Amino acid sequence: MSWQEKINAALDARRAADALRRRYPVAQGAGRWLVADDRQYLNFSCNDYLGLSHHPDIIRAWKQGAEQFGVGSGGSGHVSGYSVAHQALEEELAEWLGYSRALLFISGFAANQAVITAMTAKEDRIVADRLSHASLLEAASLSPAQLRRFTHNDVAHLARLLASPCPGQQLVVTEGVFSMDGDSAPLAEIQQVTQQHNGWLMVDDAHGTGVIGEQGRGSCWLQKVNPELLVVTFGKGFGVSGAAVLCSDAVADYLLQFARHLIYSTSMPPAQAQALRASLAVIRSDEGDARREKLAALITRFRAGVQDLPFTLADSCSAIQPLIVGDNSRALQLAEKLRQQGCWVTAIRPPTVPAGTARLRLTLTAAHEMQDIDRLLEVLHGNG
């Protein structure tokens, strides 16, 4: 089979399963509204959970940062790309989340890959929730360590896997809020079992940070756990992009030596770090509290109105509200019908989610209004 034949076969298989991914160019894709092809849609597909992507203070901070530092960092943080703006953001994040150190990364994917590949060796074992994000599972699969997956949120299964002999160290990997189901991990129980077997815990809280907990401190703070490795991202609750790893002084120094994604990547622009500092200030403020309260009310309104639809509603109290349809074609058809009626919704299909669980992944944001939720419910009931 030639290269072209290999490529064609893979694409044909995706088309046959109604699983071919496509991108849609949009004029505006974050916040309450999505604009595409000169039409405005209510946006139920973005992860801008607090509606901060268009916040004037954050935009102003980015502009001022660009004027001060330029539009790029100029290199890796190990060369010339680590600015006082990066340093200030790291210090503020560490203080906010109760860690000694924070290290910035250009994306959550890069942060997860960097940590897992740097921390584990051949004699070690990674025990990951089966529904962990692709960045976590891919890194674990590519690492020299042994990978074992436990049934989603099943602490008893996790304990059995940890109890089997391992010549090296064990790293337990999970998420705070799961990206496709919107449910939360039982972090306190997971941490307890991990500690009983002398392992370390790594939590990716991409979808919880900024959105839940006191001052938006996220899933771990809310559940009173302190994992050895906490990954937070800035493309969701923060409304920007990028990520950080929270850890001890020793682990931070170790990652600075061995995390190749950190060492060999151009660091985020200092102007972006300034924007993230402004976003963090909003998240920690009374305004941040108000946005979280509004989002919670919108979620309650949606869940109350969707109960009698002929879909499976995931057990989620987060901004991620999946309606599980099952069939790929049906999910695509529903998404298209909703778009025709002014609601931009995305169909998520395998391999992103398990086979037979194609869904409409609905996401709510504090930028929405109650009438937006009512309109979504009206359209869903008309197409259920």
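From the backbone N, Cα and C atoms, a Cβ is placed for every residue, glycine too.
Quick look at what Swiss-Prot lists:
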{"type": "BINDING", "residues": "Arg21, His133, Thr352", "note": "substrate binding site"}
{"type": "BINDING", "residues": "Gly108, Phe109, Ser179, His207, Thr233", "note": "pyridoxal 5'-phosphate binding site"}
{"type": "MOD_RES", "residues": "Lys236", "note": "N6-(pyridoxal phosphate)lysine"}
Specify the secondary structure state of Thr233 (pyridoxal 5'-phosphate binding site) as given by DSSP, simplified to three classes. strand
Quick check: in three-state DSSP terms, what is Thr352 (substrate binding site)? coil
Quick one: largest C-alpha distance among Arg21, His133, Thr352, binding substrate per the record, in angstrom? 18
Going by C-alpha distance, which of the recorded positions His207, Thr233, Lys236 is nearest to Thr352 (substrate binding site)? His207
Fewest Cβ neighbours within 10 Å, where candidates are the recorded positions Arg21, Ser179, Lys236, Thr352: Arg21
For the binding-site residues listed (His133, His207), most other Cβ atoms within 10 Å of the Cβ sits at His207
Which recorded positions sit within 10 Å of Ser179 (pyridoxal 5'-phosphate binding site) - Cα, from Arg21, His133, Lys236: His133
Cα-Cα distance, maximum over Gly108, Phe109, Ser179, His207, Thr233, record's pyridoxal 5'-phosphate binders, Å: 13
Using the CB centroid of Gly108, Phe109, Ser179, His207, Thr233 as the pyridoxal 5'-phosphate site centre, which other residues of the same chain sit with their CB within 8 A? Asn112, His133, Ser135, Asp204, Ala206, Val231, Gly235, Lys236, Ala243
In whole Å, note down how far the CA of His133 (substrate binding site) lies from the CA of His207 (pyridoxal 5'-phosphate binding site). 11
Rounded to a whole number of Å, the separation of the Cα atoms of Thr233 (pyridoxal 5'-phosphate binding site) and Arg21 (substrate binding site) comes to 24
Could you round the CA separation between Phe109 (pyridoxal 5'-phosphate binding site) and Arg21 (substrate binding site) to a whole angstrom and send it over? 19
With the fewest other Cβ atoms within 10 Å, the residue among the binding-site residues Gly108, Phe109, Thr233 is Phe109
